[in-house]
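For 265-396, the entry in TrEMBL reads domain 'GGDEF'. Residues or ranges marked as transmembrane segment in TrEMBL: 6-26, 38-54, 66-85, 164-183, 203-223.
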Ligand SMILES: Nc1nc2c(ncn2[C@@H]2O[C@H](COP(=O)(O)OP(=O)(O)OP(=O)(O)O)[C@@H](O)[C@H]2O)c(=O)[nH]1
C-alpha cells in the first residue's frame, strides 16, 4: 500500500472539511430541504471521520469508548441524511424506519459489543453500515414516484431521464462499497483471525474517498436537476393560484385532445369566470381579490378528477378540460364547484363568491383548444347576459350532437 492508514484518514478528513464549507457556498442560501439533507450528509461524515481520526492519532483503539460511539452515530446518521435527500428528490423509498433508527442502534452496538477490537468499526457496526449502504443503493434504483397528475409525468420527463445517470452511479457505488465492511463483519462473526485486517481498513478508507467523490457529483447533478425542474414549473404555473398558466394550459390541452381523438372519447371544455369581480376588488381591496382568486382555484382543484386539466387563462377567467366526459361532465362539475365554493367562500374569505360558466364539446373540426374556447366563451357570455351564477351550453348545442 502506497499510503498508510493515518495519512489516508487525514486526507479524507481534509477533503470532507473542504466540501463541508464549499457545498453550502456553491449552492447558496435558498436551497431545498433535500439539498440541506445532502449537505448534512457531508457534515456528518466529517464528524464521524474526525472522531475516528482523533482516536487514531491519540493511539487509542479507534472503535472503543466515546470516540467509537460518536463515529458510529455520525457515520450512520450521515447515510440516513443522504437517504432523506433521496426521498425528497425521488419520492417515497422503502426502509424509512430502519434508516431512521439505525444511527442510535449502531452507535449503541459499537459500545455495548465490548469486544474492544482495535480496528475502524466492530462487526455489528460494520454490518449495520453495510446494510444502510445497501438500503441507499436500493433507494437509488427504486422507481420515482408517479406525479399526482398523469400529464405531469410527461411534463417532467426530460429531468427524469437525466437523473437516471446519477442514480445509477450512486447506487452502484454504495452497492460496491457495502461489500468491504460486510466481508469484515462476516469474518468477525465467523471468528476468523485474518492477517489482512489492516488491508481491509485501508480498503474501507479508500472506498470512502471514492464514495465521497461519487456522492458529491451525484448531489450536484441532482441539485441542478431540481433547480431546472423548479424553473420549468415556475414557467408553466400561475404564481397566484398554482394552476397551469395560459401557455401551459394550451400546450397540455393538445395532449388531452389527441388522446380523446385516438380513443374516440368525448372531451369537454368549461370556461369559468367570477361574477362581479371588480366589485370584490372595490369592496375588499386587491389583496382580498387575490385571496378570492386563490380560493376559487383551490375549489376548482378540489372538484377535478385525476386526468382533468385546469388553468388560469385570464385575470378572473379559468378553463377546465374534462377528459372522457360528455355533456354530463360539465353539469356535474359545475354543481360540485358551486356547492364547494359557496361553503368555503363565506367561511374562508368572509364574503360570498359566485361564478358563471360556459362549456363546449370537442368537435371533429376543432384544430386546437382555442376553437373550443371560442365556443365556451360564447356560452359564458350568454350565462353573464342571462343573469350570471349559471352554466350555459355552447351556441347551437343539442344533446344529439356527436363528439370529435
Ligand atoms: N385582485 C385581482 N383582481 C384582478 C386580477 N386580474 C384581474 N382582476 C380584476 O378583475 C376584474 C374583472 O372585472 P370585469 O371584467 O369588469 O368583470 P366583473 O366585474 O367580474 O363582471 P362580470 O364578469 O360581468 O361578472 C377587474 O377589476 C380586474 O382588475 C388579479 O390577478 N387580482
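Cβ coordinates are placed from backbone N, Cα and C, and glycine is handled just like the others.
If one looks beyond the transmembrane segment (164-183) by at least 6 residues along the same chain, the residues whose Cβ comes under 8 Å of a Cβ in the stretch are 90, 121, 126-127, 129-131, 133-134, 136-141, 200, 203-204, 207-208, 210-211, 214-215, 217-218, 221-222, 225.
Distant neighbours of the transmembrane segment (6-26): 38-39, 42-43, 45-46, 49-50, 52-53, 56-57, 202, 205-206, 208-209, 212, 216, 219-220; these residues of the same chain sit at least 6 beyond its ends, with a Cβ under 8 Å from one of its Cβ atoms. Note on the domain 'GGDEF' (265-396): mean pLDDT across this stretch is 95. Note on the domain 'GGDEF' (265-396): DSSP counts are 65 helix, 27 strand, 40 coil.
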